[in-house]
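*Asks:* Below you will find the structure I want to go over with you.
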Amino acid sequence: SFREQPIFSTRAHVFQIDPNTKKNWVPTSKHAVTVSYFYDSTRNVYRIISLDGSKAIINSTITPNMTFTKTSQKFGQWADSRANTVYGLGFSSEHHLSKFAEKFQEFKEAARLAKEKSQEKMELTSTPSQESAGGDIQSPLTPESINGTDDERVTPEVTQNSEPRAEPTQNALPFTHSSTISKHWEAELATLKGNNAKLTAALLESTANVKQWKQQLAAYQEEAERLHKRVTELECVSSQANAVHTHKTELNQTIQELESTLKKKEEEIEGLKQEINNARELQAQRDSLTQKLQEVEIRNKDLEGQLSDLEQRLEKSQNEQEAFRNNLKTLLEILDGKIFELTELRDNLAKLIECS
């Protein structure tokens with residue numbers, strides 16, 4: 001209808017629990033179908049609807065006590081007590097499952113708030129009639145007592161009947177002077193007052209009973225919720241067995257991919273080991289060359305010391321040779337002077353001999 005519009009849609013494989021065994025999943029769609037959340041703005045109701053062609057395979061109204069449970073990375077389920085079944089959805093990815101679960105929780109909370117507002121509205125609506133019937137008496141409303149208990153249904157009807165019957169008595173008094181009729185209406189009025197008192201007492205008692213029933217109902221609801229969670233847990237365990245085949249195929253494929261990846265990593269590790277061995281050999285050669293270089297440097301320093309010593313000795317020897325040369329030059333000069341003097345003396349002697 002136009003008042004009910006889709007607010008979120010996804011695609012999934014739809015399953016229902018086997019009504020006979022309550023353990024195995026029965027597929028209701030041959031392939032993935034569209035699963036949508038619908039919102040009825042008139043009734044303020046959220047529903048999950050899925051169609052396979054023209055056939056409705058899911059028509060579930062979300063209530064505050066429903067729980068959507070993830071049983072695996074791609075599978076989730078919820079129980080619908082009104083449809084007396086458990087629905088299961090298989091998604092193509094974990095992201096789609098998480099998104100559907102988030103929307104389920106969001107609309108479940110919205111349904112809870114809508115229900116609380118509806119109850120508050122009904123309580124406010126019912127307060128004036130309760131005050132007129134029993135003074136300050138207030139009857140709490142529960143889902144089972146919205147339409148009223150037997151006592152609450154009877155009380156307003158009798159009260160409404162008693163008031164019109166009382167009005168003709170007051171209107172009839174000015175028009176009759178018969179004491180018999182007056183006594184009759186007085187007796188009728190007394191009877192109505194007695195009935196009204198009895199009904200008021202019955203209303204008080206029914207109100208107390210409603211409170212007690214409300215407490216019992218809350219306890220029963222808690223117990224039912226606990227049992228429902230337990231059943232859901234057991235159904236989750238059983239549903240996991242049905243998803244083993246799909247998970248097994250996925251796991252086998254994942255294992256093959258991991259084995260291929262592991263093989264590549266082992267080859268890479270072997271290559272790295274070879275490179276490490278080569279690096280170690282190069283390191284050993286480097287250490288050997290470093291040691292030889294240190295020895296050569298030490299030997300070079302020794303040779304440099306010896307060279308420096310030889311240079312000093314050579315310089316000293318050169319200085320001595322230079323001094324010796326200078327001495328020789330001096331002696332040659334002295335010798336040349338002496339030779340010149342002897343030559344002059346010879347020449348003089350030769351002249352003297354020639355003269356004599």
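Just so it is clear, glycine is given a Cβ too, placed from its N, Cα and C backbone atoms.
Annotation source TrEMBL lists domain 'WH1' at 1-111. Per TrEMBL, region 'Disordered' is recorded for 115-175. For 139-148, 157-175, the entry in TrEMBL reads compositional bias 'Polar residues'. Annotation source TrEMBL lists coiled coil at 203-334.
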*Asks:* Tell me the residue counts in helix, strand and coil for the domain 'WH1' (1-111), as DSSP assigns them.
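*Replies:* Split into helix, strand and coil, the domain 'WH1' (1-111) gives 18 helix, 54 strand, 39 coil.
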*Asks:* Quick one: mean pLDDT on the domain 'WH1' (1-111)?
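*Replies:* Reported value for the domain 'WH1' (1-111) is a mean pLDDT of 90.
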